[in-house]
Amino acid sequence: MTSGGKVRIYELSRDLGLDNRDVLNAAEKLSIAAKSHSSSISDGEAAKIKALLNSNGKAAGGAKAPAKPDAGNQILSLKKAPSTPSQSAGAPASAPPSRKPEIVAKPAAPASPAKPAPSAPPSRKPEIVAKPAAPASPAKPAPSAPPSRKPEVVAKPAAPASPAKPAPKPVAKPVAKPASAPAPARPAQPLRPQASNRPPQQPSNRPPARPAAKPPVVMSKPTAPPPRPARPGAPAPRRDQNRPAVPMRPPNQQQRPSPQRSGPPRSGAPIRPGAPQRPGMPGRGGAPQQRRGPGGPGGRPPSSLELVGKPIRREPNAPQGRQGGAPSRPGGPGGMRKPVSPGELMQLQKPGSRPTPGDGPRRPPARPGSEAPRRPGEAPNRPNAPTAPPRRPGYRPAAAPGMAGRPRRPDWDDSARLDALRSRSPQKQRQKVHIIGENDDSLAAQTGGFAGGQEALVLQASLARPSKPKNLPGNKGARPVALRRRKKETTRQRQRRRAMELRQAREAKQIRPEMLVVPEGNLTVQELADKLSVESSEIIKSLFFKGIIATVTQTLDLESIEKVSQEFGVPVLQDDIEEAAKKTVEMIEESDLDHLIRRPPVVTVMGHVDHGKTSLLDAIRKTRVAAGEAGGITQHIGAYQVDVDHAGASKKVTFLDTPGHEAFTAMRARGTKVTDVAILVVAADDGVRPQTLEAISHARAAEVPIVVAINKVDKEGAQIDRVKQELSDQSLLAEDWGGDTVMVPVSALKGEGLDKLLEMILLVTEVEDLKANPERMAKGTVVEAHLDKAKGPVATLLVQNGTLRPGDVVAAGPVLGKVRAMVNDSGRRVKEAAPSSAVEVLGFSEVPAAGDEFEVYPDEKAARSVVGDRASEARATRLAQQMASRRVSLTSMSGQASEGELKELNLILKADVQGSVEAILGMLEQLPQGEVQVRVLLSAPGEVTETDVDLAAASGAVIVGFNTTLASGARRAAELAGVDVRDYNVIYKLLEDIQAAMEGLLEPELVESPLGEAEVRAVFSIGKSAVAGCYVTSGSIQRNCKIRVHRGKQLVFSGDLDSLKRMKNDVKEVNTGFECGFGCDRFADWQEGDRVEAFAMVTQRRTLAT
């Protein structure tokens, strides 16, 4: 009670034992303004609402007058007129006051026993069909049933009796008239009702809004063998016998719950199924389901009630009354269902299908979904397509007490919502079918009343079906939960798979490659990380420390790739170098197939520097080439032809000796490109080295067989098995270890194993079946080229097909020439060069490029046309290389220009052969050029001329010669012009001097040079200043040097030492063990115990930043 004589709606509903909505509906009818349960009304308005609700309750009670069972009728129905109010819950007419909550629906006529009434108004109420167990067994009354149960559901007893007789008209009459057995409609043995899983609720006094249009019809039908005999007078135990009746209350027509959404928890609002369950699945409380029990499939009773007809449109806010569970059929196991009181009456009607002997005339089954108008008293008949229990507008059964706070189930309201449920999911579509067990009185809670002028009462809450367990397959939420579980499992599996892939990738990345092959000279950061088997963050961090800001997708140039790879200990091999080893031109043409003969093999000796390649060839040729090489290393590619005795015959073998230094990669690639067999020389005491791996990659790119010569086996510390193991890691497994790679231990100095090595070479070449056509014009490759000061341009050519003769017109790349003379490796002139022969050719107009293919043309005109096109392409390539040699970007140029003049080192490079020029240029590109750029103005083989001197003088360049000489007059011109000319014969020294020249262009940097330390032992004040008396502990202290004063761990002063005295005399330096006085113009806060550190700033030459 609020202040000022006001009463809130929820207090009034609590006093009356009703739901808030009931009180709100009554207030709306009386035009009392009340919006919600917390609205306040006056005492007078509360009294009006109480009077209205009490009067409606008395009317409902009047409808509950006991009706005597008609002995001649098996099917009864209760219905009341629209003007008759419901009986009050507190004063039932004949039922015990607290025996059972009943929901009183508002029928169309006063209560009377159900009879065949042809004049019943048409309604869309479905029919409830009872399927008895025994054929033609009418229901008999239970003498011992409590008298308060007025309506009864008729079921067939076990003993055969007269069948139930339906109404004379098959469809027009809603009541089936039994043929005999004038007993009440209950079997002799009361059945145990299905216990409700929800507590009962207080009775509702809310009157119904409109009378029921027509009741459903229940028909008794035998469908299975007769059940066990019923025991009269033995009712099953009841749990809820003292519950008051619950009258019906009208629904609100403004709110309609969605079939897919449960309404808010309300008092007296039980859960109503939003969609019917499938047959055989246990339903929720109040849902008409098929019961499991003996005598039927799946444990269901042999007979059931079938709901026939289309659901009735419900009002939006109709409260959902509790659906009582149906009692089980006779003959079921004891204690399964509670007995149904005689006051609970339903109409029984036989379904139109499965006729049995003894049954009366049946109604024709209605078409599913048909909504045709019916005659008064006619009920729809759909025996084979049961649907949800219909609800008539204007009726809202109140729920049992204790249902407050329970979520409501949405009800079907119209066909549109039904279609939406049908199309929503297969689960909901299957839930439309109801298979109702025999004597299932839950339909009364949804239909409210029946035809015949009688009122049907709703079952007790204790008879309602319990909610379905969640683990059963029929649970409505089971399918969505399963779907969600599958999604989570899929996500979990995907995460597990990704974690496994990452773990496997991490394990695979533990092994780093022996060599990094860079395609097209660039890689992204992520690709570089994958090739190096490291995380991309490590690459980015390494680049950041080198002053390069990069992202994962940024492309790196070759220089940056080499820097990072060297940090991780992996050498870099450019893909274009490997491509240079591939054989791109086929020397054998189709016209040569008829003239092919066997040719000598071309064997290339490859391996790491100082592993004995040239010494091995010297041992084979019985020469001393290695002794005359500068620096003891090979810096040119050499071609030699050797006669080898094999099987009593002399055979020729052409050997190509390649340099082992890392600068001569292109030379090794060219040697591999023209070879037939690769000899891999590995020192037994050194094992596999970087250039060894490079040689292996070249041989595999050229697709040539590899013969391994394990050299220096006579040397102390030689480990042949270690070399074989390291080679097996590169997929080269020795024959004696079960592989297919020929490995021969040799000693070049002692000549051991050479015969076996030559024999293995010849055996391998025989398998290759090497052939050529000597009758055609020559075709081959330029192995090496240089400019001789006496002979002019000289090129070493390897003839691969045909025969080369003097006078032939040769086109080698963009260079045209005519063969004037040919010299073999022994220095003798030859008249012709057969296939697999290497000769030096004179007569070219200029030095050809090493590695170019040459071909002989029939006349000079044809050769000149080909050369002209190649010259244009070569010129464009050369210009592009010159522009790239500057390696200056706009960013670096602007950054360096802001600091001062751009520093460049201009070079003019002249070498003896083309291969040396390539090697030197390659090494210059590897020098760090972040601060000083190397600009090669001219690079060519040949001697230094006056023209080169003039170019160097004009551009301020340095002339670098490698294994070459100065032309006549060039040295004097250089002295006059002041041009620096350097000549080298070892590539190491050349690279060191060039790097030193680059560092010389850098500005020197100032660095600290420590001098000594002193300790303050006394402080003397002189005017406003102070002097520190110090003792030199180490080194020496010089006047005007830099000092730092430390007090403990704190730096208190850093500056110049202005005064240094000893015994009142100014001195320049004080050594260790002497005392002196310090004076500083800017510092006077001396304290005893201070430590003075003396140092000097000196200039130091800077080095190139790597």
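Here the Cβ of each residue, glycine as well, is placed from N, Cα and C on the backbone.
Quick caveat, the model's predicted, so the values are computed rather than measured.
The compositional bias 'Low complexity' annotation in Swiss-Prot covers 57-72, 81-97, 172-199, 251-292, 319-329, 395-405. Look at Swiss-Prot and you will find 57-434, 466-497 tagged as region 'Disordered'. Among the features that Swiss-Prot reports, compositional bias 'Pro residues' is placed at 113-123, 138-148, 200-214, 223-235. For 408-422, the entry in Swiss-Prot reads compositional bias 'Basic and acidic residues'. Annotated compositional bias 'Basic residues' per Swiss-Prot: 482-497, in sequence order. Under the heading GTP binding site, Swiss-Prot lists 607-614, 657-661, 711-714. Per Swiss-Prot, region 'G1' is recorded for 607-614. The region 'G2' annotation in Swiss-Prot covers 632-636 and is backed by similarity to another entry. Swiss-Prot lists 657-660 with the feature region 'G3', giving similarity to another entry as the kind of evidence.
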Checklist entry - Would you list the DSSP helix, strand and coil counts for the residues of the region 'G1' (607-614)? => result 2 helix, 1 strand, 5 coil
Checklist entry - How many other Cβ atoms are found within 10 Å of the Cβ atom of Thr658 (GTP binding site), counting all protein chains shown? => result 30
Checklist entry - What is the total of other Cβ atoms whose distance to the Cβ of Lys613 (GTP binding site) is within 10 Å? => result 29
Next on the checklist: Give me the count of other Cβ atoms within 10 A of the Cβ belonging to Asp610 (GTP binding site).
Outcome noted: 16
Checklist entry - Using a Cβ-Cβ cut-off under 8 angstroms and a sequence gap of six or more, which residues of the chain neighbour Val713 (GTP binding site)? => result Ala684, Ile720, Pro745, Val746, Ser747, Glu752, Gly753
Checklist entry - If you average the pLDDT over the region 'G3' (657-660), what number do you get? => result 68
